[in-house]
Amino acid sequence: MPADARLASQFLAVSVSNISDALDRLGLEGAPQGILPISVPVRIAGPAATLKLVPAGKAEESTVLGTLRAIMKGAGMGSILVVDGSENPTVNAVGGVAGATAKHHGFVGAVTDAVVRDVDEYKQYGLPVYARGIAQQSVRGRSSCAGHGIEVRLGGVRVRPGDWIVADDNGTVVVPQEKLTEVLAFAQKVKATEDRVIAEIRAGADPVEMHERVNYDNMLKKDQ
């Protein structure tokens, strides 16, 4: 199994909530709010292929061609298309053709801090898409492409090509590529602790006593 595939399987074994806790523990920014599953509710994890969209006329490249180039530039099994739509949040950032192209080229999903359309098509070909909502209008004449394969922002959180995205029903997180091992290790610790607490409570343990025993309130503090 390739290294990225092994890493993806490990991140998929913990939740976005677990990873968010790990980011808190390490003092890292990485939890954009309100970016939720729109199509297929499948947990995804993989390296980011980035794209930045801006209002029409603000950049020279068309959104349609820029998006396709971003997909081809970041093509590789397991990538996630990350679209910074913060300057045009009510305009579609990922449509059906882009989604189908991404799926065909091995992408496992797409995330944006704007809105998307063609949700029925995503569902048909099984592409998980995370966004802040749904729109029906085309990007044509409404947005332009300011760049791809560059540093962008997702809900205010920095994303560089190669940083990792993990998304599930709880939302989306960004894991800096140089912190993957540390974040994963603490996320696994959080999951193991919470699994233990739940199992003990179900077995009849006192809930307050269990939380105190594992120091739950303080486990995200750096000195614990």
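The backbone N, Cα and C atoms fix where each Cβ goes, and this holds for glycine too.
Bear in mind that TrEMBL entries carry predicted annotations, made automatically and left uncurated.
According to TrEMBL, the feature substrate binding site maps to Gly95, Gly96, Val97, Ala98, Arg117. Annotation source TrEMBL lists Mg(2+) binding site at Asp118.
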Largest tally of Cβ atoms lying within 10 Å of a Cβ, found at which of the binding-site residues Gly95, Ala98, Asp118: Ala98
Filtered by Cβ under 8 Å and at least 6 apart in sequence, the residues in the chain of Arg117 (substrate binding site) near it are Asn92, Gly95, Gly96, Ile134, Ala135, Gln136, Gln137, Ser138
For Val97 (substrate binding site), which residues of its chain lie six or more apart in sequence with Cβ-Cβ distance below 8 Å? Val64
Let me make sure I understand the span of the substrate site: among Gly95, Gly96, Val97, Ala98, Arg117, what is the greatest distance between any two Cα atoms, in Å? 11
Sorry to bug you, but what's the C-alpha spacing from Ala98 (substrate binding site) to the residue listed as 'Mg(2+) binding site', rounded to the closest Å? 10
Students should find that the Cβ of Gly96 (substrate binding site) has, within 10 Å, a number of other Cβ atoms equal to 18
Per DSSP, to which secondary structure element type does Val97 (substrate binding site) belong, with helix, strand and coil as the options? helix
Around the recorded substrate site (Gly95, Gly96, Val97, Ala98, Arg117), other residues with Cβ within 8 Å of the Cβ centre, ordered by sequence, are Asn92, Val94, Gly99, Ala100, Val116, Asp118, Glu121
Mapped DSSP class for the residue listed as 'Mg(2+) binding site', helix or strand or coil: coil
